[in-house]
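Asks: Annotated GTP binding site per Swiss-Prot: GLN10, ALA11, GLY12, GLY13, LYS14, GLY65, GLY66, GLY106, SER107, GLY108, GLU138, ASN165, ASN183, in sequence order, evidence recorded as experimental evidence. Residues or ranges marked as region 'Disordered' by Swiss-Prot: 334-360. The feature compositional bias 'Basic and acidic residues' is assigned by Swiss-Prot to 334-354.
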Amino acid sequence: MKTVLIGVGQAGGKLASALQSFDRQTGFGAVLDAVAVNTAKADLQSLPVETVLIGQDRVNGHGVGGDNELGAAVMESDQTEVMSALDGRVTAEAESIFVVAGLGGGSGSGGAPVLAKALAGVYDVPVYVLGILPGADEGALYQVNAGRSLKTVAREADAVLLVDNDAFRSAGESMSEGYDAINEAIARRVGLLLAAGEATEGVGESVVDTSEVINTLRSGGIAALGYASAEASPNAEDNINAVMSTTRRAVLTGTSLPDASDADAALVVIAGEPDTIPRKGVERARRWVEDETGSMQVRGGDFPLESGRLASLVLLGGVERSERVESFMERAREAIDKAETEPREDPKGMWHSDDLDDLL
């Protein structure tokens with residue numbers, strides 16, 4: 001899937017940069033371009049992508065201090081500047097646009113829904129949001145921001161591919177080390193998904209293409225992405241169990257949103273050398289995902305890739321009923337209840353409701 005990435009806020013800019021870097025290192029060619037947008041000048045300076053500083057008349061390059069209503073207002077007033085930066089970048093070759101944002105910070109949580117809506121009104125391709133949930137220990141402000149942003153962005157984007165920070169954090173890591181590891185892990189997963197049907201080595205029996213990714217996300221709402229890999233045997237028949245076990249791990253323990261196996265649709269992609277991918281294994285994995293998700297809309301296919309390993313990539317669409325999403329929204333509601341002041345109303349009405357019930 002050919003795409004253009006737009007990172008919003010500090011976390012969004014870093015992850016968009018990591019995705020572009022992964023795509024270039026692998027030679028997939030799925031990421032056509034990447035742009036980072038932020039209200040904090042310092043957070044843009046080290047990024048290896050085109051950058052756009054917004055809100056200079058309001059915050060003078062110092063960021064919005066976690067205020068997502070200010071982040072939304074700044075994006076609303078400066079969106080023309082952002083859209084101008086995309087001229088010549090979102091070409092006819094683009095099959096999608098990904099807005100990448102941390103949903104806990106002010107610029108990302110406030111700006112991403114505004115930008116997604118603006119992009120959808122201009123471009124005739126799906127606009128997805130790759131959103132990062134804050135960890136449970138990241139403070140009440142981040143929980144409130146993310147809860148409101150998730151509810152709003154799910155309405156404005158064609159789908160929200162959600163990443164839970166807590167699913168990737170390892171014990172003993174510093175905060176910066178943890179975020180770097182999360183970015184690398186997500187870049188690998190999303191990079192492989194975007195590359196499906198693009199830069200392939202050899203010819204698979206049933207190669208996944210962009211339309212299958214789009215159809216899996218067509219129902220909208222929240223999506224999750226699972227991944228697992230294992231050593232491959234040279235003989236395809238010997239890899240049936242490997243395909244099954246990696247698919248189970250991808251769904252049960254390797255998703256970007258844990259406990260999200262109840263889905264409206266799914267796509268199972270088995271990546272590896274074409275001669276090592278067992279057709280029976282792919283079909284069995286697809287049927288297992290059908291049973292696990294309760295969905296009859298489960299697609300499956302190959303991603304021919306020069307590698308000594310087999311990987312299972314499972315895209316789950318329509319997972320907003322998952323336990324993890326429900327527990328996060330409850331956490332956000334509790335944070336709102338503890339807030340000492342009522343949030344201000346944003347001038348454009350994007351943040352019209354403090355009620356976090358009924359996500360969609």
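Cβ coordinates come from backbone N, Cα and C, glycine included.
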Asks: Quick one: give me the count of other CB atoms within 10 A of the CB of GLY12 (GTP binding site).
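Replies: That number is 32.
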Asks: Quick check: in three-state DSSP terms, what is GLU138 (GTP binding site)?
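Replies: In the DSSP reduction, GLU138 (GTP binding site) maps to coil.
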Asks: List every residue in the same chain as GLU138 (GTP binding site), at least 6 positions away in sequence, whose Cβ is under 8 Å from its Cβ.
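Replies: For GLU138 (GTP binding site), the qualifying residues are GLY104, ASN165.
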Asks: Name the residues of the same chain, 6+ apart in sequence, whose Cβ is under 8 Å from the Cβ of LYS14 (GTP binding site)?
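Replies: Same-chain residues close to LYS14 (GTP binding site) (Cβ under 8 Å, separated by 6 or more) are GLY7, LEU47, TYR179, ASN183.
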Asks: Are there residues of the same chain, six or more positions away from SER107 (GTP binding site), whose CB falls under 8 angstroms from its CB, and which are they?
Replies: VAL8, GLY9, GLN10, VAL37, ASN38, THR39, ALA40, GLY63, VAL64, GLY71, VAL74, MET75
Asks: Among GLN10, ALA11, GLY12, GLY13, LYS14, GLY65, GLY66, GLY106, SER107, GLY108, GLU138, ASN165, ASN183, listed as contacts of GTP, what is the widest Cα spread in Å, to the nearest whole number?
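Replies: Comparing all Cα pairs, the maximum is 23 Å.
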